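Annotated domain 'Glycoside hydrolase 35 catalytic' per TrEMBL: 19-336, in sequence order. What TrEMBL records for Glu166 is active site, proton donor. Annotated active site, nucleophile per TrEMBL: Glu246, in sequence order. Taken from TrEMBL, the feature domain 'Beta-galactosidase 1-like first all-beta' covers 383-495. The domain 'Beta-galactosidase galactose-binding' feature in TrEMBL is assigned to 520-578.
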Amino acid sequence: KMYIADSRSFSIDYKNNCFRKDGKPFQYISGSIHYSRIPREYWKDRLLKMYMTGLNAIQVYVPWNFHETLQGVFNFAGDRDLEYFLNLANQTGLLVILRPGPYICAEWEMGGLPAWLLQKPNIILRSADTEYLKATSVWFGVLLTKMRPWLYQNGGNIISVQVENEYGSYFACDYNYMRHLHNLFRLFLGEDVILFTTDGNTDKEMICGTLEGLYATIDFGTDTNITAAFIRQRRFEPKGPLVNSEFYTGWLDHWGDKHASVDTVKVSKMLGEMLSMGASVNMYMFEGGTNFGYWNGADHDTRFRSVVTSYDYNAPLSEAGDPTDKLLAIRDVIKNFRDIPVGPMPPATPKFAYGFVTLQKVGNISSLLDTLSPQGPVQSQYPLTFEEIKQYYGSMLYRTTLPRNVPEPTPLISPLNGIHDRAYVSVNGVYKGLMERDTALVMNVTGQQGDQLDIIVENMGRVNFGSYINDNKGLLGNLILGNDVLTDWSIYPLDIDTAVANGWLQAGHSGSGMEAGDGPMIYSGTLKSTGLAWDTFVKLNGWTKGQVWVNGVNLGRYWPQRGPQQTLYVPGPFLSATQPNNITVLELERAPSHRRILFMDRPQISVNHSWLIKSFASPIPGIKLS
């Protein structure tokens with residue numbers, strides 16, 4: 001027993017510029033897969049497809065906020081069972097490159113950092129800030145202690161562990177922070193495991209992201225000169241293996257983007273070139289998966305741009321885990337460098353078009369407050385943020401009354417761009433329109449003194465990259481109506497997910513005859529059982545923007561007008577083959593009069609025409625609308 005454990009080793013050979021596994025030279029060909037974006041029931045299927053492509057490793061992010069959503073409450077059960085995932089990878093024959101952060105980027109909510117960190121005003125995230133380091137140390141005490149037995153030298157399959165994530169791209173450039181993390185990793189994981197960093201292909205990023213004692217790797221995609229990039233890695237790491245830790249097989253989409261795609265020929269050609277240089281390569285992503293629920297991130301360069309629900313990424317395995325032409329081309333390249341497993345590639349999971357479901361209106365948010373906000377409102381003279389109320393995701397209702405008669409249209413203004421991220425405004429229950437971060441900070445309101453002003457504010461996902469990751473949500477400053485600062489707010493946290501999961505939001509008979517109505521509204525309906533529980537894709541044609549639940553599971557956001565994504569992925573395991581399936585929709589703006597949604601057997605995630613038309617006041621000649 002002891003002898004076997006001793007014979008297992010994974011190390012860097014600086015003389016021969018390679019990794020060594022059990023003493024033999026080793027090159028990894030890896031793909032990124034995120035367990036948090038794939039239902040547990042499908043983990044094995046996806047890992048097997050990766051193994052059959054010829055990969056010998058996978059690269060895995062651990063999102064801190066997925067496991068410690070509430071401070072001090074750790075969840076590693078069900079879809080969060082990381083050790084079960086590592087075990088499946090091990091049984092499949094895949095080694096693991098673990099990326100525990102604490103920050104991960106990943107187009108994931110706040111880059112994996114828990115929003116409760118923002119309760120400390122002015123906290124400097126990703127730095128040697130005391131509060132931040134304290135929280136990080138507690139988290140790693142839990143996570144890395146669980147990971148230690150899974151290290152390769154301890155009999156597991158983790159061959160290396162990444163410290164932080166592309167830290168060189170962050171403004172802080174705080175070496176004390178990186179040193180602190182280095183010490184933490186060594187404390188909890190021991191002296192033997194390879195610790196490494198990954199940074200973008202620029203000098204600034206490599207200078208701020210690397211640290212003595214952590215092996216420096218680089219990342220780049222098909223638009224890059226391989227030789228130049230590896231020369232840069234060599235400047236920071238003169239000896240040891242060449243490593244591209246994120247070779248981009250595709251790219252992400254924001255709402256309103258044209259769907260990203262990266263050419264298969266470029267990907268496979270470049271992969272072959274890097275492997276023939278002896279480099280170890282990880283493909284980011286190999287399967288992207290889905291930003292279920294509220295887990296999507298956002299970017300903030302010139303303005304706030306939220307990432308779509310699908311994380312398909314144009315990757316070799318599709319969002320639904322199906323092999324693509326890109327996968328077959330990659331497999332053909334890998335064949336030249338190692339023996340790949342004999343046998344057929346597992347097929348695509350079966351899909352089914354269940355057809356139309358007509359939904360009934362349950363009611364608008366304001367009429368359902370007893371159900372959605374059972375603990376009632378928090379009273380405050382001025383608006384409070386989501387973080388101050390300790391509701392981190394979803395939406396909240398801010399309620400006050402008009403301070404005087406407003407007979408003429410009067411501007412309601414967020415002077416400091418404090419709408420994070422979209423605000424749906426109604427007066428006396430009648431929807432008046434919306435305000436949006438960075439783009440629509442003013443709208444006109446009329447009414448009588450004492451009229452009820454309701455503002456539902458939606459968190460569209462926290463910024464996951466760059467300097468703006470301190471992304472508080474809600475109303476971040478006062479609202480002004482004409483010359484009056486609005487005060488005396490009742491702020492209702494809305495726990496729509498619990499209400500849906502408990503079946504409290506079923507359409508009553510009273511609701512069925514009501515007119516559609518605008519503004520945030522809940523609808524529900526039933527997808528009858530067919531004897532099948534196969535994957536499907538739900539399309540909300542004519543609906544505007546909102547969230548969908550199937551049997552209490554939050555599938556994520558839809559926004560077909562903004563696009564490019566038109567369908568949401570519904571994994572078969574979320575459905576029942578024998579019981580009626582409960583469908584709930586939160587439509588934030590306007591439902592179509594037909595109130596139908598459609599379950600299809602294929603995705604539509606790249607429809608681009610609608611956003612073009614949206615951005616112009618009048619139709620453009622020469623563009624046909626399908």
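Glycine is treated like the rest: Cβ placed from N, Cα and C.
Because TrEMBL annotations are produced automatically, they should be read as predictions rather than curated entries.
Within the domain 'Beta-galactosidase 1-like first all-beta' (383-495), the DSSP-based counts of helix, strand and coil residues read 4 helix, 57 strand, 52 coil. In the domain 'Beta-galactosidase galactose-binding' (520-578), helix, strand and coil residues by DSSP number 3 helix, 27 strand, 29 coil. A 10 Å cutoff on Cβ-Cβ distances gives Glu246 (active site, nucleophile) a total of 24 other Cβ atoms nearby, all chains included. Long-range neighbours of Glu166 (active site, proton donor) (same chain, six or more residues apart, CB within less than 8 Å of its CB): Cys105, Thr198, Asp199, Gly200, Glu205, Gly209, Asp219. Per-residue pLDDT, averaged along the domain 'Glycoside hydrolase 35 catalytic' (19-336), amounts to 98 for this model.
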